[in-house]
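Trainee: One structure is given below, represented as structure tokens, and several questions about it will come after.
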Amino acid sequence: MRHLLSTKTITRDEAIALLDIAEDMADVAGREVKKLPTLRGKTVVNLFFEDSTRTRISFEAAAKRLSADVINFSAKGSSVSKGESLKDTAQTLSAMGADAVVIRHHASGAPLVLAQSGWIDAGIINAGDGTHEHPTQALLDAFTIRRRLHGTASRGKDLDGVTVTIVGDILHSRVARSNLWLLTTLGARVSFVAPPTLLPADTSAWPATFGFDLDTAIDAGPDVVMMLRIQAERMSASFFPSPREYARGWGLNDERFARLRADSIVMHPGPMNRGLEISSAAADSARSTVLEQVANGVSVRMAALYLLLSGDREDS
Amino acid sequence: MRHLLSTKTITRDEAIALLDIAEDMADVAGREVKKLPTLRGKTVVNLFFEDSTRTRISFEAAAKRLSADVINFSAKGSSVSKGESLKDTAQTLSAMGADAVVIRHHASGAPLVLAQSGWIDAGIINAGDGTHEHPTQALLDAFTIRRRLHGTASRGKDLDGVTVTIVGDILHSRVARSNLWLLTTLGARVSFVAPPTLLPADTSAWPATFGFDLDTAIDAGPDVVMMLRIQAERMSASFFPSPREYARGWGLNDERFARLRADSIVMHPGPMNRGLEISSAAADSARSTVLEQVANGVSVRMAALYLLLSGDREDS
Amino acid sequence: MRHLLSTKTITRDEAIALLDIAEDMADVAGREVKKLPTLRGKTVVNLFFEDSTRTRISFEAAAKRLSADVINFSAKGSSVSKGESLKDTAQTLSAMGADAVVIRHHASGAPLVLAQSGWIDAGIINAGDGTHEHPTQALLDAFTIRRRLHGTASRGKDLDGVTVTIVGDILHSRVARSNLWLLTTLGARVSFVAPPTLLPADTSAWPATFGFDLDTAIDAGPDVVMMLRIQAERMSASFFPSPREYARGWGLNDERFARLRADSIVMHPGPMNRGLEISSAAADSARSTVLEQVANGVSVRMAALYLLLSGDREDS
């Protein structure tokens, strides 16, 4: 794998291969010494144009567990904020010997530009670009679902026939998009539930079903309910009347959680707004995978870094 | 040792054991290669809700000298500032595989909450919580005093009969509190000197003597005089008329320093306000331990990380 | 080498020795595992009083490639901003065991003060001080010129007879000063071109020629044209009428670039203001060494850290 930019272009076999390597990486996490020498001498740069301590730390932990050197580059206060172009930043990191660049950017498509530009030799991992994609999030979500369904027998398996209901701000969510492509490729069936203001206007290219009513969706008994985070900046932008109104209509509150099929799993990419899109009872229940998602995030990112940085990177 | 939260609950034997390990760690600092492989594969997270470059760097140097991986997490600009709870932050760090969390927090008791909550498996080290405690500071102070008194014969010794006068903002000082408990446990006798506005209202539970007059305290010839830092925010809060007034009444100026017993040692946790609570002559004299305290801080933190992260952490 | 503070005091032989070691380091960059164990157990502190992500990352990459531990210390939000003196900061870092301190400071001379003070045992590297010097920049520039001229046969060579024209804000540029001393020592002939407002008032001590007209300088056919960055803060300080005016008079635009001798090389320390001091065609041409300078920066900084931290540091 040359870059990891999007889940849209990942084939079923590629996805399963990556998830299988992540299984191996998860095994390492259980050892006394969690460190592998695999990426010794490689340099991973975390190039973050948006703050995201959670995602940055997850990549940093993943890279260090593989013995790579990590350099954190926050675009704030750097020459980037002095008007340096993405091109010059990229070429500079390349010249310094970066082997992989993990980029989070407010502009959709920035990681793709970087990868296609020829400005940089490094492998590029998209760690979230605008409202476009967040592929490692989708991969860790798929990994988490597969493990819940198949346990230690997960290797080689896809998600054939699994029903996943994703609830919340679909319009702006890169998590929703990356999950849609990946889960569908793996054989799952995705449906989205949101207030009309938070669904895309044109969904003809989206292989999913759409609904406005969370109660109906809950009663349909999906295998997975994935609640998305409501960003604070949406609340003041009249996408919905008030946080209370949102929680009442589209939050996974205690009452809805009680009605959910007994073996459905509850997911959230974090950080959670407890009491808004999800109640504490739902978030902390045994059916919640919130913390498994965080742990699996490190394993999946180890797998991605491994695929980009070891062996023959020209493969795909 | 499971966590290091407070010096109040540390027994005399535990304290001496930790200080003795710190002696071993101090020996490492003298080697050509100062690195030990002891904590290879362990991850230490510095979770700082308050800025403190000094303390963060000391823990970072300690962890790296033991070959641990270090991840710095400043709560500013993180999802914490987006309203994420301490619980969710803690569970996230735990899920990512943090083995130890070094926490500095503006709220007294936050590290204890973290340790008792069950939210996190990691060992917790309190690096300063509100006006409550700063245990590694007290341990490095005790280590420094013991070394000045006993030199290379320090191992196994306590501070029986040593007299320590702590001067300054006792009311708000976590350093004063942590030192009181630890020094007393080790057999020292502590007295506090401060303007009445900077002493606690109720001192009945404090095993110390209290005074307002620094000159009297100096003339009593204590073994140790420890000057506390006056925080800038106190100066504008009318705890005392003016910095000049404070320096005149409670500063270790040249005149007082000259009157101090010839073999008394002078301590300060740093960073110093030279000319306010301490004169440069006092700070830079051979009797000052200010820099020894900094160096010993790394050794003591290495010992604490070692006790928390190696061997059987369930001991206490 | 004990410290690296200035290029003014470096002899021709010392400079060539450092550049030759940098050649060895550049060879390492081509290996599969780019890491050397040379500085294992050494601690390098990046002490930055001014933001400079580029320079900080270059030193961080250099130190990590030599297996040193790196601690980043941004003076913002630290006790430095609470009024701690440079002396106390330096002594603190020394006590914590820093082996080298890479310092960037807004005050000209701060690194020299640090090195001469006796406050700190560590080797000091000046990473830019006020309008004074930036020695590693000059060394990487000399390295880059030498490589362009002599390729793999560079070892042992100086820059005898090479003509270098440096264009831009000479008045405030530490890059210009460090290059002047080093290039002259290596046998090159330096001329400066700038608007009269951006040249020093007294240049009697500068072994260079001075001019106001870039076109004349271009037509003279220098071996090297080095364009300096115009800092944003100069633009609003009436050193020149407007950015457009500056670009017309002193920018290396496409027209001037076309007239430049066919084998002249074009240099820029970065980050570039494309369209202001340099056009994109000039910056991205095969004659531009902008990215080689970045790559060589890591090699030169590895060489500097190596000379300061390994073997007998008391040599000079």
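Yeah, the Cβs are placed from backbone N, Cα and C, and that goes for glycine too.
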Trainee: Going by TrEMBL, C:R54, C:T55, C:H134, C:Q137, C:G270, C:P271 bind carbamoyl phosphate; tell me which of C:R12, C:R104, C:R234 is listed for that site too.
Mentor: C:R104
Trainee: Return only the integer: C-alpha distance in Å from C:R174 (L-aspartate binding site) to C:H134 (carbamoyl phosphate binding site).
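Mentor: C:R174 (L-aspartate binding site) and C:H134 (carbamoyl phosphate binding site) have their Cα atoms 6 Å apart.
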Trainee: Sub-8 Å Cβ contact with chain A: please pick out which of the binding-site residues C:R54, C:R174, C:R229, C:G270, C:P271 have it.
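Mentor: From C:R54, C:R174, C:R229, C:G270, C:P271, flagged as close to A: C:R54, C:G270, C:P271.
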Trainee: From the Cα of C:R229 (L-aspartate binding site) across to the Cα of C:R54 (carbamoyl phosphate binding site), what is the distance in angstrom?
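Mentor: Per the Cα atoms, C:R54 (carbamoyl phosphate binding site) and C:R229 (L-aspartate binding site) stand 14 Å apart.
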Trainee: For C:R229 (L-aspartate binding site), what is the tally of other C-beta atoms lying within 10 angstroms of its C-beta?
Mentor: 21
Trainee: Considering each pair of residues in C:R54, C:T55, C:R104, C:H134, C:Q137, C:G270, C:P271, all listed as binding carbamoyl phosphate, report the largest CA to CA distance in Å, no decimals.
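Mentor: In whole numbers, the farthest two Cα atoms are 17 Å apart.
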Trainee: How many other Cβ atoms are found within 10 Å of the Cβ atom of C:P271 (carbamoyl phosphate binding site), counting all protein chains shown?
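Mentor: There are 21 of them.
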Trainee: When you average the Cβ positions of C:R54, C:T55, C:R104, C:H134, C:Q137, C:G270, C:P271 for the carbamoyl phosphate site, which other residues in that chain have a Cβ within 8 Å of that mean position?
Mentor: C:S52, C:S58, C:A127, C:G128, C:P269
Trainee: I'm checking region-level scores; what's the whole-number mean pLDDT for the domain 'Aspartate/ornithine carbamoyltransferase carbamoyl-P binding' (C:2-146)?
Mentor: 93
